[in-house]
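Below is one structure; the comments refer to it alone.
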Amino acid sequence: MRQISVGSRGCGCRVLIGAGLLSRVGESLRPLVGGGKAVVVTVPPVRELYLQIVLDSMEDAGVEPLVLTVPDGEDAKTPRTYLDVVGSMLDAGAGRDALVVSLGGGCVGDLAGFVASTYMRGVRLVHIPTTLLAQVDSSIGGKSALNHPRAKNLIGSFHQPELVIADTMVLRTLPTKEVRCGLAEVLKYGAILDSELFGILEGKAEEVLGLNEVVLEDVVCRSAEIKARVVAADEMDRGERMLLNFGHTVGHAIEAATGYTGYSHGEAVAIGMAAESRIATRLGMIGDGEAERIVKLATRLGLPTRARGVAADELIWLMHGDKKAQGGRLRFALPDAIGSGSVVEVTDTGLIAEAISGVLGD
Ligand SMILES: NC(=O)c1ccc[n+]([C@@H]2O[C@H](COP(=O)([O-])OP(=O)(O)OC[C@H]3O[C@@H](n4cnc5c(N)ncnc54)[C@H](O)[C@@H]3O)[C@@H](O)[C@H]2O)c1
Ligand SMILES: [Zn+2]
């Protein structure tokens, strides 16, 4: 088992990573529960696969659970689901000493985080992330979110979990599409923040895809460390955390342009990284060879690097409406070498359109 401290201001968040941690969840929760209830919020597929292991371990440790199952995927992040969870907690007599525990992917994690940050003005939170994306990204950093009918993640808060327990064994049951989605974020970390991680992915792409236990644990640990480091430097998402948006400015626009059904988030981010790498080459920040390495690695990890059915001008229009556009100017997190990057404002719309056009069509 490996342990990472997030160490951001006012937060003693620990991230535990290792194979088989799920069966020891109870002993980790015990000191955090006090006299209150542990409210386990989960989704049907994860409930089926892993709830019993968690409950057995909680029983052994003398932790009393309240299990709440919410709809899967983005349906977990609706205001309706949020109110249902709060209602169930009230019905069960959960007080200010309640501990909210998410068990599942980033969706239920975002919901549980928002519940924990608002229930009786805030209770403690633990994440047990079960997707690769949640283990390397969403469970670390303290962002929580609900979706509004008008936009994803529009309602949200910052509320750090006290503990994150990432059992890498659970990734074995994850559908391949979801594994790839998480790998897109791992590739992003490597490309913009850690050349060593990028090298591991290049050298061991097949082992990573095959969920080789040792390689996977290493990759999850390194990724979680990067996220923890960046978050600690910029807890409120005002500066350095922007670097984590590599691939996301174009990626979010691709998701929106295809109605959130054409490409998964990870796929859109992979295409976004290909497009934004081209922007970086046109700005002279990296050479064609480095951009090519990023695209090639994405392909080896089973991710698309070209998008169909969208137009460059539509994507640019959507990017201007995104949170990352400031005063009509577009900002991108771009690599300036493999493993290093910076946030730059790009005013030349022609350059952006030309770079994006290069990843559109067959
Ligand atoms: N808070 C943040 O900082 C942050 C960062 C990135 C993404 N997010 C959010 O995360 C969400 C996406 O999270 P996600 O990709 O984990 O999706 P998800 O939570 O929908 O999980 C994907 C699917 O995998 C299933 N699943 C989970 N674990 C499993 C397992 N071990 N075996 C088999 N199936 C399993 C889930 O039930 C679901 O059907 C988005 O809503 C996004 O906005 C938040
Ligand atoms: Zn992402």
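The backbone N, Cα and C atoms fix where each Cβ goes, and this holds for glycine too.
No curator has checked TrEMBL annotations; they are predicted automatically.
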Going by the Zn(2+) site in TrEMBL, where H248, H265 are listed, which of the candidates E162, E185, E345, E354 is also part of it? E185
Just to verify: the residue among D72, E185 with the fewest other Cβ atoms within 10 Å, which of the binding-site residues is it? D72
Cα proximity to A76 (NAD(+) binding site), best match among binding-site residues E185, H248, H265: H265
Near ligand 1, meaning Cβ under 6 Å from any of its atoms: which of the binding-site residues A76, E185, H248 fit that description? none
If I take every residue in the domain '3-dehydroquinate synthase C-terminal' (182-325) and average their pLDDT values, what number comes out? 93
